[in-house]
Amino acid sequence: MFNSLSEKLESAFKNIKGEGRISELNIANTVKDIRRALVDADVNYKIAKEFTDKVKETALGSKVLLSVNPGQQMVKIVQDELTALMGGTESEFNVTGNPAIILIAGLQGSGKTTFSGKLANYLKTKKGKSPLLVAADIYRPAAIDQLEVLGGQIGVDVYSERENKDAVSIAQNAIKEARSKNKNVIIIDTAGRLAVDEVMMTEVANVKAAVNPHEILFVVDSMTGQDAVNTAAAFNERLDFSGVVLTKLDGDTRGGAALSIKYTVNKPIKFMSSGEKMDTLDVFYPERMAQRILGMGDIVSLVEKAQEQFDAAEAAKLEKRIRKNQFDFEDFKTQLQQIKKMGNIKDLMGMIPGVGKQLKDVDINDDAFKGIEAMINSMTIEERRNPDLINPSRKNRIAKGSGKDLNELNQFLKQFEQMKSMMKMMNKMPMGRMPGMGRR
Ligand code: GDP
């Protein structure tokens, strides 16, 4: 995410970092580089200029010039300003109505339908809600099909009226349906056009007037940079939406949309979405995003993701096994499955400070563990429980069964042994606990 921006900002800080003393000229140069980095990331020039003017003013007015570590001070100032630019703090998402009505708007292809599915999934699995998805695109029957497929995947009902060409009455009927079926949130996926278009705007505005939504979310394809920001301004004028959703952050996005949109429409970014899988939706935290942009990772989100998957009973069992030195391949496999549930591996690793940019060109995907799993799956249950059984002839069989060569298998077995001896060592330490496995 935002790799090129992160790199350019890092190099902007380079000439000021490590300097014991700096001058106003140093600051001016750094600020100029920051501005260029922002403009290259497709941030509107006026916003970039105002941003860097503020950074400069704060830097000159604060103790940066006298501080022992001016580089760090500058990074901190930029971090604070980036956070403020993206909205400061996280914002509320209102699902208190019964049903709570959420209207989704945006251009065609921005990711509205995909987001509607993700939001329904999020509200169902994380907020304990009972959502109803509503297909209110009266022009493209395929859009209804798409929403039905997504609804099927996540186990959420979809309301549609294929013959009805009036989005307003579909939305009104959907509310009645929600009431009769005890659904407490309805998510209305509206029609989009390829560009801002009067008929589309009027239609969405009419739906808004008729159903009085609790939230109107404008969906933005982050890949489209400043264009997205202009479209947002047009939609906001007509709809006065309550929040923004950034989609496609998994792609090679430059950052322009994320950094400019709050400033332009003065509406908070509420969600960010990265990927086509239904569980890749996150609440937007400006502060964490600023940290990621500055290459500081996002440990808080990483830990939260781990905790979501965290099964206390399983973890206690595992801890006991590690303490007794009984950790085996069955446990290992369970752990891999837990990690995979947390999401895309490259995204996860990118949340570790300093790791993101190193992974930029590395091709890691969810298949990364496949080879290891194949090797474990080729072992018999006895072998998994008692790795000492694995003699040369068994090794041949396991390697063959998993499609790996003997070297790879040996390497994996060796790594597993090393891991076990490390666990043994940690057990002997007075605090002998695995990080993250302590009592809560
Ligand atoms: P709509 O026309 O606004 O409803 O957009 P869709 O939800 O149909 O999305 C348009 C295309 O973008 C589809 O091919 C989606 O699979 C894809 N898409 C949507 N959201 C994301 C995302 O967060 N990341 C990626 N990589 N693709 C996405």
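Even glycines carry a Cβ here, placed using N, Cα and C.
Annotated in TrEMBL:
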BINDING   106-113, 189-193, 247-250  GTP binding site
DOMAIN    268-281  domain 'SRP54-type proteins GTP-binding'
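Cβ environment of G109 (GTP binding site): G192, L194, D221 lie under 8 Å away, each six or more residues apart in the same chain. Here the binding-site residues are G106, K112, T190, R193, L249, and the one whose Cβ sees the fewest other Cβ atoms within 10 Å is R193. For ligand 1, the nearby binding-site residues are K112; that is, of K112, T190, R193, these have a C-beta under 6 Å from one of its atoms. Annotation note: K112 (GTP binding site) sits in a helical segment as assigned by DSSP. DSSP classifies R193 (GTP binding site) as coil under the three-state reduction. Mean predicted confidence for the domain 'SRP54-type proteins GTP-binding' (268-281): the pLDDT average there is 89.
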